[in-house]
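Database features (TrEMBL):
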- B:7, B:8, B:9, B:10, B:11, B:12, B:13, B:14: NADP(+) binding site (BINDING)
- B:8-127: domain 'Aspartate/homoserine dehydrogenase NAD-binding' (DOMAIN)
- B:103: NADPH binding site (BINDING)
- B:188: L-homoserine binding site (BINDING)
- B:203: active site, proton donor (ACT_SITE)
């Protein structure tokens, strides 16, 4: 019997309990071991739960779990940055393997926790922290043995993808689409982390650091969210037969890397354009295996719980890769050299439009609209040059929207 | 040091040698073991090779490899059905782990070799036999622990996909497209196994048997290839904004399964429609993880060799799943109930057209063409009913083309 200490009994935690129950027999038959949740840490013991639990399994005292000798794996699903970090560190220091879905903690403390686990010869697995149900991290770590990986890209946030898909397919405006995403349980009550791109950024930090085998920190990643997009933008993008997605990308260049999370415009027939609604997708490029593309449900109770349990099974069967998976390459951030064609829309009072229009003519390759909203496709240009230009024109952040165009 | 006995030094075998050399240092560092090819079995020792080999490493005597105590893993890459089978069986019986890319052998002897390996407590891995570089089988086996899998679909043959993509995108006819595929090294000199769908069928047999956990044999799978498709067909399919792919599909129904390899027509915006050229793709559906989609290069020296080496690394690190992965469910073949709308084109001498046209009016939902070629979209109808009708009208196999339509 393998004992689990579960930290947090929200959506994903409940899913873990449910799948363990549903697959009890298969698990016992296929891995020859019973996996049993011995203790569950919650904030409020008296809260009513949607699932039936054994008596005395719930506690609000983490020490009770740490000191329980029957528990060998801690499954951290609190979603809390500070507490999650403390819980994971304490678990490893107490000699327990750790599985987590907490992307905020993994992103912020990736190097420290990875080396602590390696030093203690314990598992530290976090498949569910990136891409929900998509089994990407284990594969990425596996391919690193046989490949130099130079590129990883992804649609990494289901909420953003759902909002953009709804705006595009159903003609909703941003707030309507967000409201439906919230009603359907995709978006949180406070959607900032999703729509401003922080969630995508954290996942990209994890993917990029693994892929390039050198630290790519949160602050290394250029970030733009989707909250400023309007139906007017969608219309313009449709008019040129393109589609828009929030893409995170890390790419190795000759003497460094670029790392960026940005609304991105692409042809309707391109791969990412067809990753619809609540799906996520991750693509990486190895020098031997070539391009590998994965897609699946990026969030949700059962897909995410499935990923958590896949990590647990890997520990129980001892089939996870040992050692610290992070490399020690020193990598140069070349984001200032990031160059592309961009879609740029500026919304201003009529009296200011003339001046702005003149100023951006120099970087314009194609004019899409000059009335009410100015919208252009730029020449190939450095992103930072556009930002400089906008700032020199004193255009407020809320009055423009910018999206990179990829071929 | 882990010793490898390599059987066959064709394209994939050469790739294995090359990657092992390129990744020597990383392999040693990351898995703490040197992987070394000790012997290579070839038919003709004197043949000139494109790579430099150590002296005396080549042999034409399999016993020399079987008896070599330094060799613990046999990597079978002969591509030959009968010999491959014998080599694998002998290897397992001699206590050696086996990795193979030989889909013909795995498909034909799946149950026997799987249970022999399990009985001997040895590895029998065949990731490269399905989907080339796509890491699908290991994942599928992993997800089976946590999921009931009810559906697996795929574009499983790069040659067919390349031919159909070229016909569609470049307006080539079938023979021109085939010729280019051969010139580019995708298609064999004798392309029968690819274009008539046998290669897809074998891969589907392997995938389906694993996914549904019960034997789905080659003879269980309804088969149609792509060799009869004409530019006229492509035109008709384009005219209704659809695209065509060769799809293999196994699906569990309430009281059995369907298993089919068929040219398949779908909307341009659907997932498979955008799997282009030499890419393969596999999709499966688990009750917990949801739909997972994988795509990558389906063939080629390095991607396939990469998959072979991933299996080898799994054996060396002891991270592969132990035991027989095949289930013992008894499954009912329900192919006679397979029902869909179909695209049907019949080409006949003018004098026969009238009679045929009358006869197929009953099953027609939409008429696309009645001159020179009769082309229709059928009502939803059982596939076998169409075949019966065609045979009652004495229409030769070479005079029609049929493709299933999926939503």
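Every residue gets a Cβ built from N, Cα and C, even glycine.
Sequence features, as recorded in TrEMBL, placed on the structure.
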residue : record                    : DSSP class
B:7     : NADP(+) binding site      : strand
B:12    : NADP(+) binding site      : helix
B:103   : NADPH binding site        : helix
B:188   : L-homoserine binding site : coil
B:203   : active site, proton donor : helix
Shell list (NADP(+); ref centroid = CB of B:7, B:8, B:9, B:10, B:11, B:12, B:13, B:14; cutoff 8 A): B:6, B:15, B:16, B:77, B:78
Nearest recorded site to the residue listed as 'NADPH binding site' by CA-CA distance, among recorded positions B:7, B:9, B:11, B:13, B:203: B:203
Those residues of the chain, 6+ apart, with a Cβ under 8 Å from that of residue B:7 (NADP(+) binding site): B:40, B:41, B:62, B:65, B:74, B:75, B:76, B:77, B:78, B:84, B:87
Alpha-carbon distance [residue B:203 (active site, proton donor); residue B:13 (NADP(+) binding site)] in Å: 20
Residue B:9 (NADP(+) binding site) to the residue listed as 'L-homoserine binding site' - Cα separation in whole Å: 17
Nonlocal neighbours by CB distance (under 8 Å) for residue B:12 (NADP(+) binding site), same chain, sequence gap 6 or more: B:77, B:101, B:128, B:301, B:304, B:305, B:308
Rounded distance in angstrom between the Cα atoms of residue B:8 (NADP(+) binding site) and residue B:188 (L-homoserine binding site): 17
Nearest-integer angstrom distance between the alpha carbons (Cα) of residue B:203 (active site, proton donor) and residue B:188 (L-homoserine binding site): 17
Per-residue pLDDT averaged over the domain 'Aspartate/homoserine dehydrogenase NAD-binding' (B:8-127), given as an integer: 96
Rounded distance in angstrom between the Cα atoms of residue B:14 (NADP(+) binding site) and residue B:188 (L-homoserine binding site): 17
Neighbour count (Cβ, 10 Å) for residue B:103 (NADPH binding site): 26
In the chain carrying residue B:11 (NADP(+) binding site), residues 6 or more apart in sequence that have Cβ under 8 angstroms from it: B:301, B:304
Cα-Cα distance linking residue B:10 (NADP(+) binding site) and residue B:188 (L-homoserine binding site), given in Å to the nearest integer: 13
Sparsest Cβ surroundings (other CB atoms within 10 Å) among the binding-site residues B:8, B:10, B:13: B:10
